[in-house]
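Have a look at the structure below before the remarks.
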């Protein structure tokens, strides 16, 4: 009898929680709105192929509407901010530091649709995002000497990454790493320097083979992929057009040990097979499928995100994310968790 009473109470609790979550009059700062948002942000971060994880900044709007039978649709408009955690970093986004404004911050606006079945608790998520760096004018207005973002394929950025990685490999006797992705480059002043961030992967070849154009190196696949992430500053003492030779530099490379089964472990091969230059910001990705163009700059660039296969849903679902369900509602937008660009 006690077990039966406990089961009934549990059912009432679940039912009460669920009815709260699927009601249509949620305000942006309510707990239930935050739970839907967490689902959307987690999905976005798990399916980004390049760059950094993003953290919630503002819930701009939330609408929950009945859809078809046991389904409800949750429409979210979110403003996110770039963190300092690369997408391959297993650190939970809640523990990642949001990139501060003086370090040329980047924001991302996302339209998210969550299809939720109130009977089976299954869900399907769609997202459409575009990211934009803070303007150079804003950065310089608030901090005239702060470093400015450069395109990831800027020659000085690429040369600085190669210089630091070569120095890193020279110190290792049994391990050789290759650039997986250049994710950030910035020009610093007084003294003049280039700041870079890039991901590296251990490969199955020697240092000599690494520099042989006829030899193809591949990531190690034994149990774990040894992924690293480097932050480095190269102080330029030679003419700006020359490659680094004997420059002073500061670097910090950490090994992430991305284990098999991690949300991004299957993306490593995709990184290696593509150009190592990270796609930049400021283009739209619908359902996380978008071609990329590496000639763009930090201010006219784009995301390239993982393709998400059609999930368990048997009925027809909308392919787009309509604006007709995202009109402003009471209590929105919500509070700003960090800062506005």
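Placed from the backbone N, Cα and C atoms, the Cβ positions cover glycine too.
If you look up Swiss-Prot, you'll see 1-19 marked as signal peptide.
Sequence annotations record features per position, and here Swiss-Prot assigns domain 'Cystatin fetuin-A-type 1' to 22-130. For the domain 'Cystatin fetuin-A-type 1' (22-130), the DSSP counts in helix, strand and coil order read 24 helix, 53 strand, 32 coil.
Per Swiss-Prot, N-linked glycosylation site is recorded for 95 (among others). The C-beta environment of residue 95 (N-linked glycosylation site), restricted to residues of the same chain at least 6 apart in sequence and closer than 8 Å, is empty.
For 141-254, the entry in Swiss-Prot reads domain 'Cystatin fetuin-A-type 2'.
Cβ-based neighbour count (10 Å, all protein chains) for residue 204 (N-linked glycosylation site) stands at 12. Under DSSP, residue 204 (N-linked glycosylation site) is assigned to coil, being neither helix nor strand in the three-state scheme. Per Swiss-Prot, N-linked glycosylation site is recorded for 204 (among others), and the stated evidence type is a curator's inference.
Marked as N-linked glycosylation site by Swiss-Prot: 282 (among others).
Residues or ranges marked as N-linked glycosylation site in Swiss-Prot (evidence: a curator's inference): 293 (among others).
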Task: For the domain 'Cystatin fetuin-A-type 2' (141-254), the number of residues DSSP places in helix, strand and coil - done: 22 helix, 45 strand, 47 coil
